[in-house]
Amino acid sequence: MAKESYKRDKPHVNIGTIGHVDHGKTTLTAAITSVLAKSGMADAREFGDIDKAPEERERGITISTAHVEYQTVKRHYAHIDCPGHADYIKNMITGAAQMDGAILVVAGTDGPMPQTREHILLARQVNVPALVVFLNKVDIADPELLELVEMELRELLTEYGFPGDDIPIIKGSALKALDGDAEGEKAIMELMDAVDNYIPEPVRDVDKPFLMPVEDVFSISGRGTVGTGRIERGRIKINEEVEIVGIRDTRKSVVTGIEMFQKLLDEGQAGDNAGLLLRGVDKNDLERGMVIAKPGTIKPHTKFKAEVYILKKEEGGRHTPFFTNYRPQFYFRTTDVTGAVSLPEGVEMVMPGDNLSVEVELIAPIAMDEGLRFAIREGGRTVGAGSVTKIND
């Protein structure tokens, strides 16, 4: 059977369920698909089917993630759900599943729990733009308790830098919705309405300022130097000015040719594997780890703060803890750069399996923005992953 072509008639948004273990994230994911399936907007997915999430590898780390797709009248959604708490942490830090927004699931019977806090903090650290709350299990919770839970949640969200007073909190029962109960289904439709209206439509990569990490460098006799790579964001046209950023001093050039699969193009855009011919650039001036970008849009830095996850021994990580001044390689986009790690005050050492905030100083500058992801490696083996949360130089 021929594959259906992907229709681009609605804006696409990536979303995920986050929250404490057993608060109903996977049940809610199944309930959304079963309720939307009734109007032909989704294929209903069983709880067990979502819970047996396949393993994926992202930046050398194995993560179990379930991917579900559905649509509303307004949008097309790709929804991720992770079976285990560690999978969530790894997912959010590696950016394996880039979230444009998230549904925070909280059981009305328990209220916010330790992982609720941790997921809100991580969502803040890795720049998840917006959250909507689903207060679950309200059919078996005390109504007076629910009011307190809602107040506590709004305070918690505000504490972590989200607009706690404005975030929609939808009350319902995912299990009842899954069983076809009318009240239960109504809450799911309310939730989807809140997600449609509250989670902002993401800016498409192609509309962001141009950036291409350099993967390889060639020289064409009589014509000049070509940098190749996959365009990460934006568009580039012939005769546009660019900057070459990272490793060494920033320099300007002009793109005099764009090639893709041996064909000449007028324009390259996000997602294209392209070769850019650069005026006045020597082959030795360009190397892996640099980026070619729209002038003034990205700067090179060596010092930053990051949220990191350190692999457990069973995940192929280190067998021993590390201490302040640990010097691994940080793999950004296409290259490794050595850096020194400083631990926060009061933290003596970091054990395999930990996640925490650290400060890093690289030996060479890398083009970076807040939110840039990286792997932490020792001799080519991945031992952790991270996301830049603040630039310090």
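Including glycine, each Cβ sits where the backbone N, Cα and C put it.
Here is what Swiss-Prot says about this protein:
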type	residues	note
DOMAIN	10-203	domain 'tr-type G'
REGION	19-26	region 'G1'
BINDING	19-26, 81-85, 136-139	GTP binding site
BINDING	THR26	Mg(2+) binding site
REGION	60-64	region 'G2'
REGION	81-84	region 'G3'
REGION	136-139	region 'G4'
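Here the features listed in Swiss-Prot are painted onto the structure.
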residue	record	Cβ contacts under 8 Å, 6 or more apart
GLY19	GTP binding site	LYS25, LEU104, VAL105, VAL106, GLN115, THR116, HIS119
ASP22	GTP binding site	ALA107
THR26	Mg(2+) binding site	THR17, PHE47, ILE50, ASP51, ALA66, ASP81, PRO83
CYS82	GTP binding site	GLY16, ALA53, ILE63, SER64, THR65, ALA66, TYR88, ASN91
HIS85	GTP binding site	VAL21, GLN115
VAL138	GTP binding site	GLY108, LEU146, LYS171, GLY172, SER173
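Looking just at the region 'G2' (60-64), the mean pLDDT is 80. Classification of VAL138 (GTP binding site) by DSSP places it within a helix. A simple way to gauge crowding: the CB of LYS25 (GTP binding site) has 26 other CB atoms within 10 angstroms, across all the protein chains here. According to its DSSP assignment, HIS85 (GTP binding site) is helical. DSSP gives GLY19 (GTP binding site) a strand state. Note: the region 'G2' (60-64) comprises 0 helix, 4 strand, 1 coil (DSSP; helix = H, G, I, strand = E, B).
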